[in-house]
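**Student:** Please see the structure below; I have some questions.
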Amino acid sequence: MSAWKDVPAADPVPAYRLFTGDLEKPLLDDRQYRVLQLQNGLRAVFIHDPEADKAAACLALTIGHMYDPIDAQGMAHYCEHMIMKGSEPYPDEGDFTSFITANGGAKNGVTGPMSTHYYFSLNPTQLEGGLSRLAAFFYAPLFTESLAAREINAVDSEFKRNLQNDARRLLQLSKHLSVDGHPNRNFGTGNYVSLTDMGRTGDTDGDEASVLRETRRRLVGWWERQYCASRMALAVVGKEPLDALTLLAAPLFSKIASREYEPDPAVKEPFWGPEHRGTIVIVQTVKDVHAFSLQFGLPDLRQHVTSKPAAFLAYFLGHEGVGSVCAYLKKQGWLLNLSAFTSGHTRGPQTFNVDGTLTLKGYLHYDAVLETIFEYIALMRRSFPFPDYHYAEVATMAGIRFRFMQKGQPHEYAVRLARDMSEPYRTDQLISGPYLYRGKDDATVKQLLDSFTPGRAKLFLQAKEHREEIVGKDVQWEAEKWYGTQFAVRKFDEVLLEKLREASSNTELALPSANRFIPTDLSVTKVEVAEPAKFPTLVKRTDISQLWHKKDDQFWVPKAQVRIVIKSPVAYTTSRHALLTGLFVDLIEDALAEVTYDAGIAGLSYAVSSHSEGIDVTVAGYHDKLDVLLRMVLDQLRQLAVQADRLQVMKEKVKRDYDNFYVGQPSNLSYSFATWYLLPRRWTPAEKLTELSSITEGDIERHRDALFSKTFIEVLVNGNFSKERSLELLAIVEGCLQSQPLLPSEIPHPRSLLLPPGSNIITRKRLANPKEVNSALSYFCQFGEVSDIKIRSVAALLHQMIREPCFTQLRTQEQLGYVVIVTNWSIANSTVGVGIRMQSTRSPWHCEARVEAFLEAFAERLSGMTAEEFAMHKDGLVVKKLERVKNLGEETSRFWETICAGHYDFLRNEADAEAIRALTLSEVTAAYNKLIRPSTGAHSRRKLSVQLISQRLTDDVLPPAPTRQAVLIADTQVVGVLDRAAGERESALKARLECAPAVTPVVSAALGVYAGAFDLPPLVIGDVIQGQTESSTDDSAIACPRL
């Protein structure tokens, strides 16, 4: 009997086919689903979630950039940009963005090789408006002619943003090295040249306007040939019942033309020819790195999606435990990390990859690294068929993960389901298909394993500077067409090829042993509650520690998360201390990698990180053996024996990481520098590097002892652990560390510097990468202390209101660059403000001038805003503030953020929502004019900008003379190069600034019996009462603090 039935039309819902079977769902999934197919061929899944506080939708298309015209590379990406810029029902190019942003949501479009998807999330009461706009893009797009040039420039800016991105460069190079004419060679991002070249070959009279008109004409034709309903899948998540969701969506998306094209087109022609197999591709990188990617082409595996044979092989080759390739290569001092995975799409070319980051020594022994991998492959062949426990463990853990899968963000879920509807899973396995293993497939596993031979492999060997002994004296470098990546291709020489073919015996390699971390106790202690608790409770407080605990009362999974911060002033006293702390953490993770890998496979995880206050430790996963993992991590933390060879490996890694930091994305660098300027003490990578060469094993061990000699420990236990069990975990922590308590005055408390009213600080530096074409700007207006509810609420609302028009003006209309980001900028959980970050091929001072012009113009928009528009912005922000956590991980992160901030105000979002609702337009306008607007805030706003200058910027582009009010810290310093004079200027600036008060706790029920210890009297300073700002309601609450 068919699991589908025809449902006749019932105005306004057209006829459709309905799936009548049941979807295989996780144990805890209480949502209702409806799968249907409209008459135009569009497939849809509707999800009724009565608890949803955000609605979401995604439309996925089974067409990507592999279907670009050969003479219009980037067309699919260009179409993704253009299609969301207006439709017949909603012609305003910024309508969609404005609507989603004002309603507290997010949206995006993503173009891949074989698919494209468009999604949004927003206030659940506004789902109908979101769906109406989304559908209109696909049945009535405008592709406005005036937008054609601007969006080509936007694509070009996106391309230029990634010109120095090694991952993008390697990806395009790997595509370039495919069979001529194969769609795998396509340049998916596209740029101005690739998109307009076709327009220059027709009857365009040679002028640019004609070229752009021809490009748009070709775009419309391509859209008509590729976009059709039968190639689309829709997923909608909403609070409405399934009938209501069907009523909302089906009439709208039935308007999309069918065109009766092949629903799920595939590209399965071989993408490597004989000339590509058995080759080494030598690649020059931008960053200082040594890495390799060993790739094997895969056959069409669509009929094997249930058994996942390639993923099963990746389990062996990517293993990091005892006897693995990874463990052996690390022991030789050749490797930093390794992974194995499939790359590509089931409907397109796929490769099986073994990728790794090498040390310099490993790079010089890359042939031995290859030999080890092929020795392991030979071991796998000899051991085939594998012992049953291997498949049983992989399948068991996949089943457990799916059984206890929790909810996530609605838009992410909608994206996954919409994309997976085009995968060859049975309809009832739409949710479970990507997760579960449904039976061994030894024949296919053996077929794949037998195909992993040296003669069928391709190796990418990457380094910034290649040694002559590796590439030879007469290497012939080529340049990839689009990114200019320098590369050379050669066949494996016969000596190496023979060695790899004969690789067989290495007694230090072994298949994984049985995993002792596989959970057996999956019980959940479930206690019904009227309402889930909104905060953890402080259940123990001593001179040395604080323990926060919450027993899971809403997610009911057999999991827990333990977060620990070990505070020590020794961690960050000097640049040397900061370096030692970072190296110590790197050595801990290195030492634990092999012995804890099985725990990771079994659904457990850990992390150790360092920061200015000390060290963070996290363990999370199934509760059954979580305490075992915690003890392993803490024992290593306290008893690490530093090995000289591993220290050298870590020092090499740190040197590269620190150097590479300064050739990262310019916009990210400017953001980091702006943040550092407002911290009293911040050790930069360049400063820490001055100490690196002198660090010894003894230095690390002495630093370890000093770190833990006196500490203050804060612990959060959240999940399926009782209060008593959490106390036992705290005892484990204290017992392992064996610390003495810090004095209260010794406990580190991060603070932000305060800019004085009327400040206008500009700092300029040059970027380190001489080939980087982009400059960057971070422009920050500091409002005041984050503890002031009025200040932080006004800052949040102005961020909400400015974000979309700033993006539309500076990126879409003025085309200043791909990166235009407005942030609600918080420094050290101490002060807050609004920031604008940009990356552009234009000069940063030009960008700053345009930012200030926008800020002036926005004042008029603000003053003319209607009450309805203002209310919509407030409602959208309140939706964000009151968004509920979707799973245990989100809840833990929210609690931990509050604990680390030090204010312990777990109900801050609720208080902020009420404060935002109470804000008036006049209050917000007054704050804007005082704290952001350049002309009216000249004597009251506190502004800092960091301008990072591309070395490619022409000399005739000169910065303007600073205004009388500006403090210009301009120098020729290249970022990452220490300049004592520049450092003295920055230090002198910081010395003139005051610090914001340290955060003080908010007394609440979360403090339990210890509330009295935190109940401090207010500190009166002049006529401003610090410590009582939560109740501020008048305009004085947004006044600048007096210095």
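Cβ coordinates are placed from backbone N, Cα and C, and glycine is handled just like the others.
As annotated in TrEMBL:
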DOMAIN    44-178  domain 'Peptidase M16 N-terminal'
DOMAIN    215-391  domain 'Peptidase M16 C-terminal'
DOMAIN    402-690  domain 'Peptidase M16 middle/third'
DOMAIN    797-896  domain 'Coenzyme PQQ synthesis protein F-like C-terminal lobe'
**Student:** Assess whether the domain 'Coenzyme PQQ synthesis protein F-like C-terminal lobe' (797-896) lies in contact with the domain 'Peptidase M16 C-terminal' (215-391), where contact requires at least three Cβ pairs under 8 Å among residues 6 or more apart in sequence.
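**Tutor:** Output no: the domain 'Coenzyme PQQ synthesis protein F-like C-terminal lobe' (797-896) is apart from the domain 'Peptidase M16 C-terminal' (215-391).
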**Student:** Determine how many residues of the domain 'Peptidase M16 N-terminal' (44-178) DSSP places in helix, in strand and in coil.
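**Tutor:** Summed by class, the stretch gives 64 helix, 27 strand, 44 coil.
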**Student:** Work out, from DSSP, the number of helix, strand and coil residues along the domain 'Coenzyme PQQ synthesis protein F-like C-terminal lobe' (797-896).
**Tutor:** 61 helix, 19 strand, 20 coil
**Student:** So what's the mean pLDDT when you look at the domain 'Peptidase M16 C-terminal' (215-391)?
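**Tutor:** Across the domain 'Peptidase M16 C-terminal' (215-391), the average pLDDT comes out at 96.
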